[in-house]
Amino acid sequence: MESKTSSSTVLFALAILIVIFQMASAGDPDILTDFVMPLEVPSVDASYFTFSGLRDLVGASSPDKFKVTKASMVEFPALNGQSVSYAILQYPAGSVNPFHTHPRASELLFLVSGTLQVGFIDSTNKMFNQTLQTGDVFVFPKGLVHYQYNADGNNCAWAISAFGSANAGTVSVPNSVFNTSIPDNILAKSFKTDIMTIQKLKAGLA
């Protein structure tokens, strides 16, 4: 009887460890094939693994406002199951990529040109910020709130970001807070301000 109880305890402990491991390593699921083909397509060739959506950026001039061009699973279906995606980030002079998170992946940013002020906030509310120079690489840990700002008033900055997920997801903090249906009185109490201030902030994001 004691042996059975001991075995049950061990199995239960192993089950708990498996659940904890799965939670800790949550991300894109592993696939059991070399790649994932679209259901409606019986076979693919090399063109399926080629994405041309970034060609227009080669030699392009600076945009009027901050711009992200993605190569994620949405734009590039061949990434399904590959746990990787890409984005080209363009920061005109004085522009910002506002506070946001990527719930399913960390972000590895490579600054191709210009300078950027970047930072993230950890779960203890500690800020880690840095001024990047051309050629620098910075990592934003998975799920943490972060930003990028081009403080140069004259020059555009360009960066390439890689993500450890085919669909990293982006949650904009300003939009999630002020462009949703959260009542103004709850926002005012949460930010210890008045409703008029909340309404002004919402109007600024509109």
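Here the Cβ of each residue, glycine as well, is placed from N, Cα and C on the backbone.
Predicted automatically and left uncurated, TrEMBL annotations should be read as such.
Going by TrEMBL, these are the annotated features:
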BINDING   Asn97, His102, Glu107  oxalate binding site
BINDING   His100, His102, Glu107, His146  Mn(2+) binding site
DOMAIN    52-199  domain 'Cupin type-1'
SIGNAL    1-26  signal peptide
Close in space but at least six residues away in sequence, with Cβ under 8 Å from that of His102 (oxalate binding site), the same-chain residues are Phe140, Lys142, Gly143, Phe163, Ser165, Ala168, Gly169, Thr170, Val171
The domain 'Cupin type-1' (52-199) - residue tally per DSSP class, helix then strand then coil | 24 helix, 55 strand, 69 coil
Here the binding-site residues are His100, His146; which one has the lowest number of other Cβ atoms no more than 10 Å from its Cβ?
-> His100
Averaging pLDDT over all residues of the domain 'Cupin type-1' (52-199) gives 95
Inter-residue Cα distance where the pair is Glu107 (oxalate binding site) and His100 (Mn(2+) binding site), in Å = 12
Residues flanking the oxalate site, with Cβ no more than 8 Å from the Cβ centroid of Asn97, His102, Glu107 and excluding those residues themselves = Ala87, His100, Thr101, Leu109, Phe140, His146, Gln148, Ser161, Phe163, Ala168, Thr170
Glu107 (oxalate binding site) to His146 (Mn(2+) binding site) - Cα separation in whole Å | 10
Take the C-alpha atoms of Asn97 (oxalate binding site) and His146 (Mn(2+) binding site) and report the distance between them in angstrom, rounded.
-> 9
Glu107 (oxalate binding site), Cβ-centred 10 Å count of other Cβ atoms over all protein chains shown, is 23
Listed in sequence order, residues not in His100, His102, Glu107, His146 with Cβ within 8 Å of the centre of the Mn(2+) site Cβ atoms = Thr101, Phe120, Phe140, Leu144, Val145, Ala168, Thr170
